[in-house]
Every structure is written in C-alpha cells, then in structure tokens.
Amino acid sequence: MTKKKIEIDGRVIEAKDGEDLLSACLTHGIDVPYFCWHGALGSVGACRQCAVKVYDGPDDKEGRIVMSCMTPVADVERVSVSDPEAVAFRAQVIEWLMVNHPHDCPVCEEAGSCHLQDMTVATGHIDRRYKFTKRTHRNQDLGPLVTHEMNRCIACYRCTRFYRDYAGGRDLDAFGAHDNVYFGRAEDGPLESPFAGNLAEVCPTGVFNDKGWSRDYARKWDMRATPSICPHCSLGCNILVDQRDGRVKRVQNRYHGALNGYFICDRGRYGPLHVVSEHRLRQPLIDGMPASEHDAASAAHAIVAEGAIGIGSPRASLEANYALQRLVGPERFFAGVSDLESNLVRRIVEILRAGPAKIASLHEVEHADAVLVLGENLTGTAPRLALALRQTARGAERELAAQKGVHAFLDPAVRTAGEGRRSPIVLATPLPDALDDLAALSLRLDPQGVAAFGGSVASALGAGGVEEVEEHSEAARVAEILVNAERPLIVAGCALMSAEIIEAAARIVAALGAKARIVLLAPEANSIGLALLGGDGLDSAAALLKRGGAKTAIVLENDLFDRAPRASVERLFAAAKGVVALDSMANETTARAAVALPVAPFTEATGTFVNYEGRAQRFFAAVAPQESAPASWRRLDAFGAGDWHGLDALIGDLIVERPDLVAVADAAPGEDFGMADGKVTRAPRPYTGRTADDRAGQFADAVIPVDQDGPLTFGIKGARGTAVPTPLITSYKTSGLHSANNVTRFLEEVGGPLRGGDPGALLIKPGEASLPDAVSQRGEAGEGLWLIPLHDAFTGGELSRASALLAARRPAPRLLLHPDDAALHGFRDGAAVQVDGKPCAPVVTLDATVPRGTVVISAGSCQPRGPLRRVKVEAAP
Amino acid sequence: MIGFGWLEALLRVGRKLFVKPETQLYPEVKPKLYPRARGRIVLTRDPDGQERCVACNLCATVCPVGCIDLSKAVADDGRWYPEHFRVNFARCIFCGFCEDACPTAAIQLTPDYELSEWRRDALVYEKHDLLISGEGKVRGYRYWSFAGKAIPGKDKGEAEHEAPPVNLKGLLP
C-alpha cells in the first residue's frame, strides 16, 4: 500500500492511499468529531459530524467542506480541521443531534464513557437553544443481556449496521422515518444474535447497554480495568475485566488486531461473570463437608505425600499445569480429559508444527477467499470465528467493488457494487448451521460422513497415503474451489471429537501446499497449552493408579465429570486412594474429592493461556487474590512443586525445562516492569471515594491491594495512555476522549495491529517439525446411536454455564432424533428418555434435519464431553 | 531619620478601644449564618418526598478529596437511587463542589458546621445520617420531570418539553 502525504492544519502526515480522511486523521492523533464511522463498520456519511475543509491546491484560498469519512485521502492535498467555517458546521450538526436527546446523563449507564458526551464537549455545544418539544419513543425488552432506551438515539445506524450487516442478525432493524426513526425489534423479545452484547460498545450513546453491568453498576471511571483473556473457547479473545470493590462488574472487548478486533461474542462478554456466581468454591471441603483451611491443607499434604499423580486442566493456566507437572513429574502428569481428546489435541499441535499450512489468525480468516469447514458448528463452539467468517464471505464482494473503483471504506457502496457476490464457504456439518445463509454449499453429513467427505476432498486434491475412500459427489467441486483459491482456509476442530476429521483437514492442507491456511480448534481456552506440556488422558491415569504406580491424585481446576465419560472418571476415583481437588468452582469433582481447596479463578490470578494459534497470552489478576483462594500454582508450590516467590520465577523454570516454550516469557512484560510513571495502573482517574472510608487506615478496604505477580498496580498512580505496552493496556482513554471508540488512537491503522504489536507470543512455528504418522484411533465398538453434541453460543462449557446472566439467555437443553430413528425405537415427540442408563433432562424432539443413526443432545446437559461414541437411548422407566 | 509614624499607628489601634467589638463569644453566642453557608452535607428529597439522589456519581467525581462514596441501585419502579451513600467528614473540606455538580439538587450543604467528634469513624456519615425529609434550599425541583426515562406516574412523553411517544405503526409521514 502506497503512502500519501497530506497537510492537515500545517502538519504533514503520511496517510495510507485508499483509506478515508477521517481514519487518517484519527490514527495520527488529529481529533475530528464523528458518530457513524466505526473502524470495523466503515463509513456511511449518516451523521455529518466529521466535516472538515479541504483545499484543492496551494492556490485554493476558499476550500470546501466535505465529510472526512467519505473522502478518500487520494483526493486531497491540504485539509483544515480547525477552519472556522468547518467548526461552525460541526457545532450546528451536534446541536441538531442534541435537539431530541433527553436530559438523562445522570441516570444513563453510558455517561462517563459516552462517545456522544465526548463529541458534544469537543464540539463546544453547551446550551439547547431549541425551545420546542423532544421526540420520545417507547422502549423494548430486548432480553436479559441488553438494555434499550430509545430516547437517547441519534440515528447513526451503527447498531443495525453491526447487527445486520456485520453479524448477520435478522431481528434488529430500523423502523419509521425522518426524525422518528426507531431501532429495535418488530416486537419485544431477546435479541437472537450471540453478538448482541457488542451493541453496548457499538452504540455511541446509551440506547443499548450491558444489562448485567447496569444491575451491578459502577461508573467507568470508578472501575479498575485489567487486561485478560476470555476462558470460554480456544480462540483466546482479549477482554478487559472491570471491577470495583473486588467485585467484577462487567467485561468489555479489548482490541487485538490479529484476533478479536473490535468485537467479542456474548459468551465472552457475559460468561466470565461466573466468577461472581454462587457456584464458586469459597471454602475448603473435606469429603464434601466444609472444613477449616488448616485441616484441609494438612489433609491434602498427607494425600499428596503418599505419591500422587497430577491431573491437569484445559481451563487452568499454563503455569498452573506446569507447576503440577513439576510436582508429580512428567510421567505421572495427565490431562484431565478423555484419552482420545488428549491424543487429538496433541495431534493438532503436531499438525500445526509440521506445516506447511500457516495457522490463520482471525484477521487472516477474514481475508481468506475460500473456506471449508469440517464438522464444526462454529457459531456454537467458537462464535467469534463464525463472525470472522461472515466477513470472509464478503471477500468476493469487496474484490468486485474494488475492480469498479469503489473504495473499501464505503461500506454500503461496496455492498451495492459487490452485487451480492460471496466468497465460497463450504460447510460440512451434521446439523443446520447459522452460517448456512452465506455458505456456497452446505452439506449435512453424520460425523463419519464429515470425515469421509474431508478424505475424499483430499483424495481429489491428489493427497495420497490413506486407503481409498468412497468418492463423495461434491468432493471434486469443493477440491476445485480450494485449488483455484489464492488463500484457501480449512477449519476443523474437536466439536465432534473425531480424529478422522482432523486427519482429513491435515491431508487437505498438505495437498494444497504453502498457500493454504488452517484453523484447528481445540475444545478449551488452554487445551493447546496443556497439550504442549504433554500427558495422556484419564484412562491412562486410572490405569497407572491401578498398576500401583501411584496412590492418590491431584485434580487441578477441572470438573472431570464434565470432560470425560463418567465410566472413566469413576474408574479413576475407584483406583485413587485419595483425591485432592483444587478449584475455583464448586462442582461434582470437588464434592467427590477427599479434599477440595479453593483457588483463584482467572480473574484473581495471573497466568497464560495458549490459543488455537499457539499464541501464549497473559491474563492478569483483575481482583487481588484472596488469602483463602490463592492462585493454584501457589498451592502446588506449597506442596513442594518448586520454590517460586512469584510467577516470573515459575516461568523462568518452565522455559529452562522446555526451551521450545521460551516465548511464554515474551507474552507480556514481567512483574518488575515499570515505566517513567511507575507501574501501569488499572485504575482510571478520578476513581472516586478513595478517602470515604479510610478511617485512618483501620480498615483493610482502604489499603490498596498489592499485585504480586503482574506488572500492573491497583493504585491510581502509575502509567497510562498510548505508550503502555500492548499486553498491558487497561484503557483507551486519552485526554478528553473516554469511550472505547478511542481505540483508534492505539492502532497503527484502522483495523490493523495495535501500535507496538499485537499482544501475545506465538509458540508454534509451522514447519519446525515433521509430521509423524497418525496413530490410528480405535473405532468405538458397541451399539446405539452416535452422539452428536449440540453446541450453543450461550451455553459453552463448564465455566460459562455457571454465569447467571448467560444462563438467563441459554436455550433449554434439547435432545433431537430423526423421526425414522425415533419410530424405530418407539419414541414419540416429547417422550422422556434415559441415555446410557442415566436419566436425561430434555425430552425427545423429532427433527428431520438430524442425520440418521445419530442422537443430538445439548452439550453439557446430560452427557459429558468425550470421544465420538455411541450411546443407548431408551425410554425412561 | 526617626519620624512619628509610630505615633500614628498607636493612635489608629488605640481608637479601636472605643468601638463595638466584632468578636462573638462562641459557643455561648451562635453566629448567624445564611442558608448558603457551606457546612454539613445533607441529601434532600423532592416535593413528593422521594429521594432526589439518582446515584449519578458526579458529586463523588468532583470531590477534590475523594470523600464521597456511593453505589447505584435500581428501585422496582425504575428509579435509580444510591444503595449506600457515604461521606467522610474527617476529609471533607466543605468546598461545595458536590452541590454545584449535582444535577438533581439532591446533595446540599447546610449552615450546620458543628461536627466535632471524639472518634474519627464517627465522622463517616452513612445514607441514613445524610438523608433529610425536606427539599432543602431548592424548592419544587423534580429531576424525574425532566429526565427521558419513564417511571411510574411519568410515562414517556410526559416530562417537560416532551412530545408524546412516536406511534411507529402510524401511516402519517
């Protein structure tokens, strides 16, 4: 991309050719007020707020007013933002916009981080001269996650542009005309899209807001914000966790150029509030009964001293898993998942390491030009990736528009000029998918069919090596699409827990060569991190205990009953003399364990998650850890795992032992990092009430907590602003600009990486190792119906199910059967059933879209995660 | 050279022996303070007897010593109110910024300045210490009559300067 010099009020900047004037100004720190423009949504020119004056050349003394968001930098030489005529124009526009704005700021959640407030102050509007009445609207109930207060609307259309055009939602639209225009649903009801929570950030004023935050509220300037990583899927979206008085109030998106960009899904926004749920483990348990810390700790020490195996967790940090591995030794360290899953995720790591396909970041996913999805219901398993694919589909449209000379930033014009062209996306999944509406081809196949289809695509591409598979009629066509593409992308994952699907994806990318990119989704936030440490699954753990290789077990932050078939877990509990569970959440494992010790959840500890790309990303303690629930690695340290005074010492040991993971140390600055103003602070200014209760230091609340493990401080003194290293950014505030819209100031270019590089360090380099042959997984024998877990964006895994907010939005669990299968087994619609002899809460729903020979059960409702297997569905007694 | 300026000074001071003294014998004699004098902080109610404070947090924000702490809650009828409201008078400098910042005329300073206590924590006033039953200095003001949010008894379109809610199903342009 060529650069172009333009002069703005005497300052010469280098703008990127092809971007709009407003983006160029904002990324160079020149403030131009705006409303409807958004970094991800482009320009529509709806609000008329970003007027500036442009001059044709050095001789042009008069100039003319243009909307900077609609003006390509290619067309201008000299610009004035501060020209009096342009200033007066903008002042008029904000005055019009404010004519109907209610006198609501004191009772509006947005106030304090409101883009409209910032822009009004920036434009100098202070007095409503219009003496007539304000237009009013009735509100709607938009469900448990999002508030609605339509009076505040300034009709920038960002909400519908995001919800409909960007996220593919159908149930939010603009109604009415002229100054009556209304943004809402046709009737009251929850917003259906799993990305609706982003409306709170997209809306420049307080029409849409986070309902959970509103209920448990503190102003933006009163909450300490901490950079964190979403623990609810393997994408590793960056989030900011806001808390006051030690209570997490809300989660917001944290910009990451390569990953989540401007948006996260509702599971990422509301799921982390499981840390304030009643499902937290607050006190130690002995045999399921509350006990004192002293008794429980000494009982745990005794059990560990007998010789324990360690069972790690895909939701615990890399550091915690390493501490456990170090305590018990690598040969006694196991992954707390089924054997198949642990093999599968390790195989994913092998495939990624082998290359030649590069691992696609979400940013690269958006720029792929042909996509094949094998077996993943992406909107359910990794919603943010589904959102990225919605942008991928628009690639052909963008290309055609570019050929016609339409600038990429003119979003509605691109849609028109693109003539509705779609980049080919092929979905090979068992069930109807939310992405079907933009897929070029949707194939409904049972799990074996998905793997076979992947295999036949690979064969059609000329990949050898595997026994001849049955030719699928569409395989040749899909292979042709992939061959002709310049940047083909293959997406597969562990949703169906089928090793064949992953192998098929690997063969396809191998056949496509270096141009191909791949996304292999692991089940959880740190599954890849756990796989990098190694360790077999639970069946091997139980076998070792049975052989007498060890007597007891330590279970790290893991509800085993949710992650592996019940029989395996029961074998483990039967074989172990005692089980110590360390967890932040109370669950069946902590209830069954001989000793359960509370540990810090991800909001109270510092650690690293490794996402699907192999990107190590550090999350920091949003709330100071309590003495009663220290970070799990500190508990393991006390058992004798190491001699670590802080996290950096632990990471130091980790990278000495595992030189291939040396980049973990580069994921974020260490605990001694400081800037000219001291440590980076979580607290915004003014952070009110600091002396309201100090009572001369008699009360613990008045003492600022100390963060032992991170480079951030809880105090109000410290470094902030654009110079802060990107993994430590706690706020996008700069002088006079308080809303999240101001993130542009922190970017190299709009939609591009953060200035100073996107956070995280890549641990996996494609091509660094050769691919060993696949170990053939034994096929599950037995009879019954193949179990297909039904993943859902609002349900997620063990942690997100504990969030009360998300639970309010969660669909009722379902059990779907094909009518023919149901007839075969004698089930009617609505029949109560049991699965594998266990009663199952959902009743049978007949659904002709379900593949024959399978049963679809909502994930997490009555069957745990586990290998692709058959289950017996019988009538309930 | 020594002049007689000292004599003039002596005379000027000495003349004060014969005028009425300004000094008041506090506490026997209480000074007369005007309603705008800035003393103890109170939270007032609107003419209907409802709490005026909507927990917007502006008083706490503008407070130069940070001695005000409050948290928002929502009543069943949709009004915002402070769940707790705390002022630490040991820190308060009685600058009156909170009163200026308050958009609902809830927080007001009163002429009561006699706040001495033996114990420091007795100077931390909670909401039940601060909330009075009257309107204070500002009479007749109801914030909710101006706000765009609907509450029981004041539907959308019934606030000051508001038009009735738009009928979206209407056919008129």
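Just so you know, glycine gets a Cβ as well, placed from its N, Cα and C.
The following features are taken from TrEMBL:
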BINDING   B:Cys53, B:Cys56, B:Cys59, B:Cys102  [4Fe-4S] cluster 1 binding site
BINDING   B:Cys63, B:Cys92, B:Cys95, B:Cys98  [4Fe-4S] cluster 2 binding site
COMPBIAS  B:153-163  compositional bias 'Basic and acidic residues'
DOMAIN    B:41-73  domain '4Fe-4S ferredoxin-type'
DOMAIN    B:83-112  domain '4Fe-4S ferredoxin-type'
REGION    B:153-173  region 'Disordered'
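Sequence features, as recorded in TrEMBL, placed on the structure.
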residue: B:Cys53; record: [4Fe-4S] cluster 1 binding site; Cβ neighbours (10 Å): 27
residue: B:Cys56; record: [4Fe-4S] cluster 1 binding site; Cβ neighbours (10 Å): 25
residue: B:Cys59; record: [4Fe-4S] cluster 1 binding site; Cβ neighbours (10 Å): 25
residue: B:Cys63; record: [4Fe-4S] cluster 2 binding site; Cβ neighbours (10 Å): 26
residue: B:Cys92; record: [4Fe-4S] cluster 2 binding site; Cβ neighbours (10 Å): 23
residue: B:Cys95; record: [4Fe-4S] cluster 2 binding site; Cβ neighbours (10 Å): 14
residue: B:Cys98; record: [4Fe-4S] cluster 2 binding site; Cβ neighbours (10 Å): 24
residue: B:Cys102; record: [4Fe-4S] cluster 1 binding site; Cβ neighbours (10 Å): 23
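Ranked by CA distance from B:Cys53 ([4Fe-4S] cluster 1 binding site), the binding-site residues B:Cys63, B:Cys95, B:Cys98 have B:Cys98 at the top as the closest.
Cα separation, B:Cys63 ([4Fe-4S] cluster 2 binding site) to B:Cys102 ([4Fe-4S] cluster 1 binding site), rounded: 11 Å. A distance below 8 A between C-beta atoms marks B:Cys56, B:Cys63 as the binding-site residues from B:Cys56, B:Cys63, B:Cys95, B:Cys98 lying next to chain A. Annotation note: B:Cys98 ([4Fe-4S] cluster 2 binding site) sits in a helical segment as assigned by DSSP. Within its own chain, the domain '4Fe-4S ferredoxin-type' (B:83-112) has Cβ neighbours under 8 Å at 33-35, 37-44, 51-56, 58-73, 120, 123-127, 130-131, 136-138, 141, 143, counting only residues six or more beyond its boundaries. Distance between Cα atoms for B:Cys102 ([4Fe-4S] cluster 1 binding site) and B:Cys95 ([4Fe-4S] cluster 2 binding site): 14 Å, as a whole number. Helix, strand and coil counts under DSSP for the domain '4Fe-4S ferredoxin-type' (B:41-73) come to 5 helix, 11 strand, 17 coil.
Report note: the [4Fe-4S] cluster 2 site is defined by B:Cys63, B:Cys92, B:Cys95, B:Cys98, and the residues of the same chain whose CB lies within 8 Å of the CB centroid of those residues, excluding them, are B:Ile41, B:Cys59, B:Val62, B:Pro64, B:Val65, B:Cys67, B:Ile68, B:Ile93, B:Phe94, B:Gly96, B:Phe97. Mean model confidence of the domain '4Fe-4S ferredoxin-type' (B:83-112) amounts to 95 (pLDDT, 0 to 100 scale). Secondary structure at B:Cys92 ([4Fe-4S] cluster 2 binding site), taken from DSSP and collapsed to helix, strand or coil, is coil. Cα spacing between B:Cys95 ([4Fe-4S] cluster 2 binding site) and B:Cys59 ([4Fe-4S] cluster 1 binding site): 11 Å, rounded to the nearest whole number.
Across the compositional bias 'Basic and acidic residues' (B:153-163), the DSSP tally of helix, strand and coil residues reads 0 helix, 3 strand, 8 coil. Residue pair B:Cys92 ([4Fe-4S] cluster 2 binding site) / B:Cys56 ([4Fe-4S] cluster 1 binding site) shows a Cα separation of 19 Å. Here the CA atom of B:Cys56 ([4Fe-4S] cluster 1 binding site) lies 12 Å from the CA atom of B:Cys98 ([4Fe-4S] cluster 2 binding site).
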